[in-house]
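Participant: After the structure tokens below, expect a handful of questions from me.
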Amino acid sequence: MIRRPAFWLWAAVCAGGAWIALRGMDAAVRAFPVGAVVGGALLAPALAAGVWGLRRLHPVRSHRLGYALIAVAWGGLAAFGLALPANAAFHAVIGKAAGPDFNSAWGAAIAAPVDEEILKLLGVVTLALMAPSAIRGPLDGWGYGALVGLGFQISENFLYVLNTIVLTGATQDVNAALFSFGSRVIGGAWWSHWAMTAIGGAGLGCLFGRVSRGSATMAAAAFVLAMALHSWWDAPVLQGVVLLPVKGAPILLAAIVAYRLARRRYLSHFRRTVHAETVRGVLVPGEGHVLIHRKWRRKERWDVPTGEPRRLLARLRAAQLSLIEDGLGGLERDPRSTVRLRTDVHDMRHHLNSCPSPRRVA
Amino acid sequence: MTRVKWWGTGLVALTLLVLWAGLPLLDKALGNGGRPLAPGTVVSVGTERDGVRPITLTIPHGGWALDEAETSLTGNAELTSEDVVVNLNVAVPLAPFDARELWDGLGRIVALGGRTRLGARPVPIVTAHGMTGLTGTITGRDRAGTAAVFATDTLGATVTAAGPPLAFRSLAPQVQAMVRTLTIAAPWTSETGP
């Protein structure tokens, strides 16, 4: 991965974003240490839970932790850091062009969707350029998009902790941190950045899976929908705490619908490929049922002696899943990889069956 | 097989550059964004309810401008004249506070910039509408100024004014007059004295 230019772009932009964010928040963190610590302590478990949950939403195998962390880092450092000057400049442009009244009402609904959705989605693009096998379809795009959005959301929530302290006149730091966490995480996390970027990411996943006019249209439509939902959230309509669920519901609903469609497409491909590879003799009948469930894959290992046989079984299953997912597509897909994976599956099965006291996997 | 290794990365880098540098350049090209305010203009800040923002300040003299780039009327307004900058900010308490607490909090906020500090001994100030607050000095290297805070049970307002010592000294009477015009409208008003 480090040989690819996208990796170095990712590293440089994350470092640059972190520097901008640190420079912007450093003084406030020093001035309000208790509030900042309380905010950080509340947000850290939320981030961990979010990463765990979003990775687990993949129906067959969790998104790889390394790729998930790359996505979160882009959202939380690169996209967030660069959004600070971009948003400030965009707001200033709107203020100068349309006046402060318009800016205070509509500025966020215009600037944030453009800047932030583009910056976040570039994280999904960068990940696909760094690791083309990471994003092979809308489900991968949805998952990594959601993780980029989550990273952004957590950093933004930390900034809001500091902003809330300032908004309360720096008179109630801990209360401000708790209030900010309650309103933005407990009350508002359900329809926030993760959901919008997941929708845009699902569209990009379609495009990266198979480049065609249809998938390009789908990617553009998903991107516009993500921006429209972001704009809807920031628009000065349905304001007030009681109405927030009403305002957030379309965003959450759109993310759920995008997920269900992406999941259905993935599972349908999965079943189709399992059938084809079973007919071809690469998979044995019934193996697809084990492959599709995490629980069954875990349970079958109990019947295999520890050590080399168990490791071989895990590698066999991983190779089989890679073979199934290989057909989904992806950027820079190697056309020889299917044949190579079939050979790997055959060799590993042979080795596993020739282990002493083996469990027959055929 | 689509080869995107180099041009794809280049495209991402270009987009990042446009957002990171392009927007600030456009902002710069549009100028300083100061809108001149006529004497008697009322500047209102705070969340709008029924078309009214709760905190107002009246511009008593000419020569002041509203910095549209630095102003977000839901939270603050920035006024400039010569090199003196006046910031009117809204403070929303989560529990009732008084002017002394707000003064201490403002001290921490002013110190954030690292260039100025708030004086430790504020004195009471009464506005033209009879609202009592606290006022004191702002000091810093090559900076002089004044600050004032006003607190009600449900809303507070802070005003800071600072600039180069000479410029500030010549505008100090105007700033004092401006601060005395501050109002916090009902239903937010339920004054808590200093």
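Each Cβ is built from the backbone N, Cα and C atoms, and glycine gets one as well.
Bear in mind that the values here come from a model prediction, so they are computed numbers and not experimental data.
Features from TrEMBL:
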- A:7-25: transmembrane segment (TRANSMEM)
- A:31-53: transmembrane segment (TRANSMEM)
- A:65-84: transmembrane segment (TRANSMEM)
- A:190-209: transmembrane segment (TRANSMEM)
- A:216-233: transmembrane segment (TRANSMEM)
- A:239-262: transmembrane segment (TRANSMEM)
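Buried or exposed, and what's around them? Tell me for each listed feature.
Facilitator: Tertiary proximity for the transmembrane segment (A:31-53) is limited to same-chain residues at least six positions away from its ends with a CB under 8 Å from its CB atoms, namely 68-69, 72, 147, 150-151, 154, 157-158, 161-162, 165, 170, 173-174, 176-178, 180-181, 185, 189, 194.
Counting same-chain residues at least six beyond the ends of the transmembrane segment (A:65-84), those with a Cβ under 8 angstroms from any Cβ of the stretch are 10, 13-21, 24, 47, 51, 54-55, 115-116, 119-120, 122-124, 126-127, 130-131, 134, 144-145, 147-156, 159, 193, 197.
Long-range Cβ contacts of the transmembrane segment (A:216-233) within its own chain (Cβ-Cβ under 8 Å, at least 6 residues beyond either end) map to 109-110, 112-114, 116-117, 121, 191, 195-197, 199-204, 206-207, 247-248, 250-251, 254, 258.
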Participant: For the transmembrane segment (A:239-262), could you work out the same-chain residues 6 or more beyond its ends whose Cβ comes under 8 Å from its Cβ atoms?
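Facilitator: Here the qualifying positions are 57, 137-139, 141-142, 146, 183, 187-188, 190-192, 194-196, 198-199, 202, 205, 222, 225, 229, 232-233.
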